[in-house]
């Protein structure tokens, strides 16, 4: 029986995270949909998606399953305990809108996995659809509840009758470890019990009771952000072994099930055996899959979900060219263990002013720092382009160097040299000694040495001469293989010349040799067999007589004209896996480029013929003109591949270039990206012009030959390692589980830049609870009085998910030059009230400082917003007090705290002061709450940073120059207003920095409830001999004595390197489980003092802080992240780079990042 015709629209997602908490991708036959099952026993089906246009589902067999499906879907509509039958057809209509779910049954509150039916009338809770209902077609026809016999009348899915009994006590939602290959009844642990359809007014079946049907949930439950479109699934069905549904795969040693798939990416991976109701609860937590998670421990006790994060992190410092136009990094190769790297610096190719040179570096310690190994190897003459191509042996002790010669003149044939490392242990010196003589091309202009490759033992090399006249055809190209003859101490050719098929093939443009030297791959990217410059690749093997090279398997052609397939090739050491880069339209840029990977197969019949079969789908570049595939590098096992796209326009500018790394998912026979994109540092770096992957695929070297760090086009090489971190989620469940996934910080919207040079926009930032509103201070250059300073407020413009912000209301300016208006800002929870500090020029001490509070007024008729001052200016007591140096506002915007760091109190000069004010509506003005909170000693600078609780009754105050534990060790205190509201009393103990120069309390932040406190100690602000650290504390109140004390949560969070000033600014999430920390002076990937921000989350199982996502680095040298502000949920962070030069020197900018 055919199912009714389906609507033409693609997908409707059921409900939301509340009323449809379990979403499973269903794939039956060629149809894909979503099954949503609520714990309140309502079953809905989204509109199905058809890739074939058919309106029928095929009857699935036990093997007819796909990734992410509800495989072998079973359903029993019978009132007996008979085994369920196999579902044969599903059709659906757009689902009705669902009312909010009822209060869970008490039993469900005790055990969230137990499906309980709430009492009462369910008609209001689950409105009946007005459109035709969902149909369930069984293999024996439709089930008719009244007659208990097959019928042609469809049964409607309705709410359970009021007298329906609860499901069996052992009913479990969402867990499933096996799906039987037969039609055996599923076990209770593999099924969710939902009420049967009811088409009649009576509330019980023919036996006088309500019955239940069994709906097993697939292992590959799709835990995806609800609202995402369902994508068609591709690839072969998974295998069944012993009844197990194998719809997943492995990443490293972690086995799991793929959650969903988009083209060639997965949204997430769920670890085997972890499919509990947590999958429903944390649907929105799953993010795009990046790097491969490492195994994580899973327990059976209640715990917080844990995420595994993997990113590519630079190891050691960048290696730069010696001088402008060196183009260092034009070629690179690394040893198997990545300890040794050979780097070519050919010199600019369009002139003959340089010889070119090659350097080799080796790691000196565990940090990844590299030192040059042996001498620099130079070319013989200017224009040689020495280092245009290089390769290295597995152990890193022998290298081959190609010098194809200046292209334009065609006045030299090109040559190749091989060097071996000689070490003298007695004098601890290393030198590179040439092995054999120069190997020279035949004719001027051959470009002999354009490509080279060396065997594992260093005794065999292959050399490409792409412009040689092979077979007497112009530029057909040629490759030759040589082996070292130690009896002659020279290189001798083995086998015949391997020549191009046709004129202008440029055969030998790329070459790659197997580890034993018996197989060679040759790329001919200009071959026209499949259209002009479609390109092709051939693999050759030395014959048994060891006299000639014979083609192995078929020729591999590019798909279309201008694919340039074979521009770069790489063969795994075993010679059985081949990667081919096809950058596409070289020069025209109308396609992104692609990479394909092939595996060698040998037939089992008597012929024993060989062929190359593609592994996984084609890997396609990001954007047109990227030239993705211009370089490729494959791991030893052929399971990981790095791909360069040197013309990609990354976050850092046009043609920055980037590298992506992919790993094969064997279960799905597809490639998934691991880790983040590795972008170039600056525009026109052309990062990815060369790339080399370690044997295990966890380290990668990347060349950026036009980088300007040491002069125009001096070139640069960076080295990255795949690192794993864990991140504690915020969702606690009644059963423990952990979902490995990947998270990274992605910029949201465009940066907000200062209006002009020296504005120093971003000197302070503050976001509303949901991060939709951001307040930004631009204090102006603190060393002069040429600017008043100003504050701007931005709010997201409603453009769904874009994160773009528009200015809200007018710019708020200070009164006079030198006011430093906006030096510190804070926003109320809803972003509609803001406080602004204006401490005045420090050096002149000719003003007291003042604070203003503004509230947003909106005119809906006119559609305008304006900031109106609330109350009068609050002014400091004496000139030079720096009143307004720090400010903080309560959640409702009615209480503020103000620090005056250079106030001369009773205890001495610059002891500092904090005052707290509350709005008196009867006076429309601010009145002081409680007494002054004075610093303890001269030069404490108390009030340097302040933070109020949401209700304004607690305040944290820092004195970073306190000398209690040594000069400038620093201290922090928390105060609470006493019940009468007349004085502030210290709450718990004082926090002291450990040592002199810690400057503890440089930044503080208090959670809204006032019970969690973060303290930044950037350390040695002037000397820079410490990295800085951050500590987080929780308030404990003794039931016996009613006394309060603060206990540290987790270990110290320590900066990366000395002088980073880690802890310059801190910001806590509202629950105190996440913290953002800036390191003002960290030397990031993009230069000196770029600074960076890291976000950490508390891992409750380990009681420690774990970094989530990647470092958020400044975009340029001296950007320096002065301020940070974290959203309430810890998933968005605003960062102020007050010395950024994008709109003029020190104009400043602010960037917002979201965790994905």
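Using the three backbone atoms N, Cα and C, a Cβ is placed for every residue, glycine included.
It should be emphasised that the depicted structure is a prediction, and the values quoted were computed from it without experimental measurement.
The transmembrane segment annotation in TrEMBL falls on one of the ranges 225-245, 246-266, 267-287, 288-308, namely 267-287. Range annotated as region 'Disordered' by TrEMBL, chosen from 1-23, 24-46, 47-69, 185-207: 185-207. Across the residues of the repeat 'FG-GAP' (807-863), the predicted structure has a mean pLDDT of 88.
Under DSSP, the residues of the repeat 'FG-GAP' (807-863) split into helix, strand and coil as follows: 0 helix, 23 strand, 34 coil.
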